[in-house]
Amino acid sequence: MGLLSILKKVSRRTFNSNLISNRTSRLTYQTQFQVKEKEKEVRILILGLDSAGKTTILRRLTGDPIDTIEPTLGFNIKTLEHKGYQLNIWDVGGQKTIRAYWRNYFERTDGLIWVVDSADRARLQICREELNNLLGQEKLAGASLLIFANKQDVRGALGADEIAVVLGLDDTDLFKNRHVSIRGCSAVSGVAL
């Protein structure tokens, strides 16, 4: 599962930070508990080009209806409990005029969900460029990356393996030293979310 890989990364970070804290400063149990509780909050940022299906995915994850979705001109925030973690999920609009403001949402991001419209072949190169720009940002250096190759229910959509090639997952240094997962999905049907 994609969300689980983000949670596993956060869980490992919690374990490692507690181990280091125990060795160096012998924190009390109460302080350790507070650190653990804070680490159980995960900030996830959903980005992608406009009309990729970001808001539909967010609504599917939170159980909200998807029958009337308008383009996101700003952002949506939802909180979701999953496997003992509180996920604070930020869905930011993907229109070209909004992309310049994405950087305002990078602070303290644990996981990035990049949504690709797998049926929109004409914009896959732009999608790759925007993702590469994001991954070059210092504030996102430690963030896990989950790529949803969305709209698998649309005829002619590229599969997750093909999207991985288009995005250059194998040949780009930006993907090294980062948790990366890609999966095909359909936000409309809810398959593979």
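One-based numbering along the chain as shown.
Glycine is no exception: its Cβ is also placed from the backbone N, Cα and C atoms.
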Record says Gly48, Leu49, Asp50, Ser51, Ala52, Gly53, Lys54, Thr55, Asn150, Lys151, Gln152, Asp153 bind GTP. Source is TrEMBL. Which of Gly94, Gly190 does it list for that same site? Gly94
Rounded Cα distance in angstrom between Lys151 (GTP binding site) and Thr55 (Mg(2+) binding site) is 13
Whole-number Å only: compute the distance from the Cα of Thr55 (Mg(2+) binding site) to the Cα of Gly94 (GTP binding site). 10
Coarse DSSP state, helix versus strand versus coil, of Thr55 (Mg(2+) binding site): helix
Just to verify a number: CA distance, Ala52 (GTP binding site) to Thr72 (Mg(2+) binding site), in angstrom, no decimals. 11
Given Gly48 (GTP binding site) and Thr72 (Mg(2+) binding site), what distance in Å do their CA atoms have, once rounded to a whole number? 12
